[in-house]
């Protein structure tokens, strides 16, 4: 939805059913510093609402640094200046922020901002994408320094010079990266709707001797809902990713376009609820 009230209701519904939540405020493309400040303020408003309702520990934030002006002139410093008060406000109510991955040209900046934020807020997380050739090296460094890391397959259109193009190669890379994360001292967050990758991740966690609260699964809200509840019932931490804001519909349709199989999952969940 577009309003804070709508996403607060999602948090209440999900947590009542044993799920956790990560919230992403999505809007139009940022073209001015003023728009990036407005994006920051939207997150601060959301955090205030969560605080007022005592939901601070139930929902974390996901942020795209492009929303905070990363692509503008002086964007690295602008994005860091915008995201820091959001991370600080989140920490004050007992929750965390995860920095989303975008296209490969933004990754060095995102990872540098992540490293800077962790000096004061060590629970700040980041996202890495399995289809990029560089990601195994990134995963080794992040696993060694104790980071919270969400691993996803990757959804942006990337050239063959930097990314695997075949699904089978991406899946193999995903498994290698999960193995690295599970063997490290950080906190892996498995972002996938793929039943095989979920099963493999469970087995890799078991082999690494991880307890159920030492990693988690993440999926889009409303996609494969029955799997959310199955994993939660088994004692896993299961977090649903919820986008809201002025461009929530465009965001949702882009996610479906990037992974057409999600449309089938979504249709099934709608039919199950109706």
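Cβ atoms here come from the backbone N, Cα and C positions, even for glycine.
Pulled from TrEMBL, these are the features on record:
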type	residues	note
DOMAIN	13-265	domain 'Proline dehydrogenase'
BINDING	64, 254, 255	substrate binding site
BINDING	129, 153, 154, 155, 167, 192, 193	FAD binding site
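The two recorded residues, residue 193 (FAD binding site) and residue 64 (substrate binding site), have Cα atoms 21 Å apart. Taking the Cα atom of each, residue 154 (FAD binding site) and residue 64 (substrate binding site) are about 14 angstrom apart.
Across the annotated binding residues for FAD (129, 153, 154, 155, 167, 192, 193), the two most widely spaced Cα atoms sit 15 Å apart.
The two recorded residues residue 153 (FAD binding site) and residue 64 (substrate binding site) have their Cα atoms spaced 17 Å from each other. Counting only the Cα atoms, the space from residue 129 (FAD binding site) to residue 64 (substrate binding site) is about 14 angstrom. For the pair formed by residue 155 (FAD binding site) and residue 64 (substrate binding site), distance between Cα atoms is given as 14 Å, rounded to the nearest Å. When each of the binding-site residues 129, 192 is scored by how many other Cβ atoms sit within 10 Å of its Cβ, 192 comes out lowest.
Residue 64 (substrate binding site) and residue 167 (FAD binding site) are 25 Å apart (CA-CA, integer value). Across the structure, residue 192 (FAD binding site) and residue 64 (substrate binding site) place their CA atoms 19 angstrom apart. Secondary structure from DSSP puts residue 167 (FAD binding site) in a helix. Note on the binding-site residues 153, 167: the fewest other CB atoms within 10 A surround the CB of 167. Within the group of binding-site residues (64, 193), the Cβ with the highest number of other Cβ atoms inside 10 Å belongs to 64.
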